[in-house]
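**Q** Below is a structure I'd like to ask you about.
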Amino acid sequence: MKARVTVMLKTGVLDPQGEAIRHALGSLGFAGVTGVRQGKVIELELAATEAATAEAEVKAMCEKLLANTVIESYRVEIL
Amino acid sequence: MSEPQITPDLVAAHGLKPDEYQRILQIIGREPTFTELGIFSAMWNEHCSYKSSKIHLRKLPTTGPQVICGPGENAGVVDIGDGDAVIFKMESHNHPSYIEPHQGAATGVGGILRDVFTMGARPIAAMNALSFGLPSHPKTAHLVKGVVEGVGGYGNAFGVPTVGGEVRFHKSYNGNCLVNAFAAGLARTNAIFYSAASGVGMPVVYLGAKTGRDGVGGATMASAEFDETIEEKRPTVQVGDPFTEKCLLEACLELMASGAVISIQDMGAAGLTCSAVEMGDKGGLGIRLQLDDVPQRETNMTAYEMMLSESQERMLMVLKPEMEAEARAIFRKWDLDFAIVGETIPEDRFLILHGNEVKADLPLSKLASSAPEYDRPWVETPPAPALVPVPEIGLLDGLQALIGSPNHAHKGWVYEQYDAQVGADTLVTPGLPAGVVRVHGTGKALAFTSDVTPRYVRANPVQGGRQAVAEAYRNLTAVGALPLATTDNLNFGNPEKPEIMGQFVGALKGIGEACIALDMPIVSGNVSLYNETDGQPILPTPTIGAVGLLKSLDELIAGKPETGDLAVLVGATKGHLGQSALLAEAFGIESGDAPPVDLAAERRNGEFIRANRKALRACTDLGDGGLALAAFELAEAAGLGVWIDANDIPFLFGEDQARYLVAVAQADLAGLQAAAKAAGVPLALVGQFGGETVTLGSESAPMAELSKLYRSAFAAALGV
């Protein structure tokens, strides 16, 4: 079973990397980009066979390691 | 957008006491709006108003022929001759660092750097004094890693060398770590910028990064005691961007050089509110702000949020109107926001407009000058009980207890993550008594240190306060520098408790006495109170940051002992073991009184070291851990062994003050002894450097073995 975790900075938290991308896009001539937020995607291969168990496990991983929940939010998809 | 009703609960949530709220009603003669309540709470909290500490801070010595500007501005300014000035300050970022260690520490570094370059100085050195809970506490390793990464990440990227600091562990910091960030910069004495606005109708300009909802409520939080509900009080964490700050530095310095700046103030805690009020108040003017013109990162921000946002990398400036186009071009070049958000007005008013609505209309001078000021009840700290009987311990076992503890182990794990060399002017990197940085393009250099021994301050606030300054004096002296001035970062528990207030008052008394006696006035500082978790206060931690001057690079003492050099102890030894590191690390005993500090002896012995620097191959101050630890460290850094001819614990591990250990070539000993006799300075030959073993009295061990312990203990204790 596979899981995909998407980690993004929470709404409102400054994203310097996103700002840098927005700025670079502008200077390359892509007008009209008013905001960029970037994050990361983590794909996990899991031994679990039940979606519910897998999801609970991955959420625990997010809380402990994959996301810094003080400033980041995460989303888990079981594929 | 409608604002919430003012209720007693809302007032309390803003950290305002009922009597303080009554005072607000008296001042404005009506109920405040929500935005006004926010403004009052930001201006009147402990963090901005110093309401519990002000009456005691006024007693500190803040003047001297070398002082150009003392406390009250963004940072202190000290003359270093030839038209040069050093500008420096230390400030805490304790609470944010506990919540998000990486960003908390990073924005702490960013904030202190802005304080320095707001005044027109280019930052040349940074230090960080860090206090954490026990390594065994579940949060400690996470905090240490995050804070160190944050300090390094911001300072390294911005391009300022981190040249010194402290790291300590004690259980009292388990729920409340301390992150005290220091920065120093250089400016010409005729090009220093202050925050007082002048002239009516002058444009008020917003510079730097955009405003988001970062840290809204942060200043209020920083003055609240932590408890279990901290998770819910958590505002949006401020995230720093050192690359923007670097651009802001360059843009500000360029703008200042252009002559366009009347006054400038950085936006720190309570951002726009604090900075605007300060500029108006100091200039005796009012300020009108039109919030629609504030560059915003997020949509639908309210007046309340904009006034209280703590977004980083921002400045407020009063500009010469005729220079607007030129100023705008400079900021555009550095890709930073530049917006005219208001103007200075003649009447005493702080007028905040958003859309067509008046969101706040307050008497500006009252916001600053009418802030409550408390003479909180305090009780003198009772004399420390007598030292308990000292348990038996072997001499080398004692040394190993020290060098194997994270408090006294080699701190390379920490400072190797910091760039100490950027700028290519660093002469002495961390690990020696003080960091030394050349004044670029001159033959002068500046030395930096930060010191305090919190155990001493708890046992005896007055002596502990004196000791913190005396140790800073010695550390600067040990590299050959003349101590010039001091910044203090006073971290204490809840000031509403008389015994905590008593620690504060006592420590300040000691600090003041020492600063006068050692001629190093306080030119800037910061107070952080309410450092308690569930009623448990931290050890009183008045961190002293100090700066010294080397008029010529020849004055530098930064050598290492060589084989055959004599180990010479400068200063008198009585063997004071009360509150010593040995007892704390070997036995977990924190007992007895702090060592007394004889300020006249400090000065005499310091002057002796500076006057005889040519005879000293290497020099270190004796701090906690006493002679044994100092001798070990000096020898270890040189890759040599050392022999100390002493068999008793008090002589080897006692922490008497006003002492130095120096390495002297054999040929220089007689001359040094004669000089000491003439100066009335006690001098004792205590051993010799060389070989591959560490010998204390009749016990020996291979240096290689001890060195391995010393260099691995920090990482081992933290599991990093």
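From the backbone N, Cα and C atoms, a Cβ is placed for every residue, glycine too.
I grabbed these lines from TrEMBL:
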ACT_SITE  B:His93  active site, proton acceptor
BINDING   B:Tyr50, B:Lys89, B:Asp488, B:Gly525  ATP binding site
BINDING   B:Glu91, B:Asn526  Mg(2+) 1 binding site
BINDING   B:Ser92, B:His93, B:Asn94, B:His95, B:Arg114, B:Gln238, B:Glu310, B:Ser311, B:Gln312, B:Ser528  substrate binding site
BINDING   B:Asp115, B:Asp266  Mg(2+) 2 binding site
DOMAIN    B:14-51  domain 'Phosphoribosylformylglycinamidine synthase linker'
DOMAIN    B:72-186  domain 'PurM-like N-terminal'
DOMAIN    B:200-349  domain 'PurM-like C-terminal'
DOMAIN    B:434-549  domain 'PurM-like N-terminal'
DOMAIN    B:563-692  domain 'PurM-like C-terminal'
**Q** Which residues, same chain and not among B:Tyr50, B:Lys89, B:Asp488, B:Gly525, have a CB within 8 angstroms of the centroid of the CB atoms at the recorded ATP site?
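**A** Going along the sequence, the neighbours appear as B:Leu57, B:Pro71, B:Met90, B:Glu91, B:Thr487, B:Asn489, B:Leu490, B:Ile522, B:Ser524, B:Asn526, B:Val527.
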**Q** What same-chain residues, at least 6 away in sequence, bring their CB to under 8 Å of the CB of B:Asp488 (ATP binding site)?
**A** B:Leu60, B:Met90, B:Ile511, B:Ile522, B:Gly525, B:Asn526, B:Pro542, B:Thr543, B:Ile544, B:Gly545
**Q** Are there residues at least six beyond either end of the domain 'Phosphoribosylformylglycinamidine synthase linker' (B:14-51) with Cβ under 8 Å to its Cβ atoms? List them, or say none.
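**A** Contacts with the domain 'Phosphoribosylformylglycinamidine synthase linker' (B:14-51): 3-4, 6, 8, 57, 219-220, 222-224, 269-270, 273-274, 277, 302-304, 307-308, 350, 352, 359-363, 366-368, 370-374, 495, 527-530.
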**Q** Taking CB atoms only, which of the binding-site residues B:Glu91, B:Asn94, B:Arg114, B:Glu310 fall under 8 A from chain A?
**A** none
**Q** Roughly how many Å lie between the Cα atoms of B:Arg114 (substrate binding site) and B:Lys89 (ATP binding site), rounded to a whole value?
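**A** With distance taken Cα to Cα, B:Lys89 (ATP binding site) is 11 Å from B:Arg114 (substrate binding site).
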**Q** Need one number for the ATP-binding residues B:Tyr50, B:Lys89, B:Asp488, B:Gly525: the maximum pairwise CA distance in Å, whole number please.
**A** 16
**Q** Based on DSSP, tally up the residues of the domain 'PurM-like C-terminal' (B:563-692) by helix, strand and coil.
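**A** Residue counts in helix, strand and coil order: 55 helix, 24 strand, 51 coil.
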**Q** Can you give me the average pLDDT across the domain 'PurM-like C-terminal' (B:563-692), rounded to a whole number?
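**A** Here the predicted model's pLDDT, averaged over the domain 'PurM-like C-terminal' (B:563-692), is 96.
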**Q** Near the Cβ of B:Asn526 (Mg(2+) 1 binding site), how many other Cβ atoms are there if near means within 10 Å?
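**A** Summing over all protein chains shown, B:Asn526 (Mg(2+) 1 binding site) has 22 other Cβ atoms within 10 Å.
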**Q** For a three-state summary based on DSSP, what are the helix, strand and coil counts in the domain 'PurM-like N-terminal' (B:72-186)?
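**A** Secondary-structure composition of the domain 'PurM-like N-terminal' (B:72-186): 45 helix, 42 strand, 28 coil.
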**Q** Give the number of CB atoms, excluding that of B:Lys89 (ATP binding site) itself, located within 10 Å of its CB.
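**A** Around the Cβ of B:Lys89 (ATP binding site), 27 other Cβ atoms lie within 10 Å.
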**Q** At the Cα level, what's the spacing in Å between B:Glu91 (Mg(2+) 1 binding site) and B:Asp115 (Mg(2+) 2 binding site), rounded?
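**A** B:Asp115 (Mg(2+) 2 binding site) has its Cα 10 Å from the Cα of B:Glu91 (Mg(2+) 1 binding site).
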**Q** From the Cα of B:Asp266 (Mg(2+) 2 binding site) across to the Cα of B:Gln312 (substrate binding site), what is the distance in angstrom?
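**A** Approximately 10 Å lies between the Cα of B:Gln312 (substrate binding site) and that of B:Asp266 (Mg(2+) 2 binding site).
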**Q** Would you identify the secondary structure of B:Tyr50 (ATP binding site) according to DSSP, in three states?
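**A** Where B:Tyr50 (ATP binding site) sits, the three-state DSSP reduction gives coil.
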**Q** Given the binding-site residues B:Asp115, B:Asp266, B:Glu310, which one's Cα is the least distant from that of B:Lys89 (ATP binding site)?
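**A** Minimum Cα distance from B:Lys89 (ATP binding site) across B:Asp115, B:Asp266, B:Glu310 lands on B:Asp115.
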**Q** By a simple count, how many Cβ atoms lie within 10 Å of the Cβ of B:Tyr50 (ATP binding site), its own Cβ left out?
**A** 18
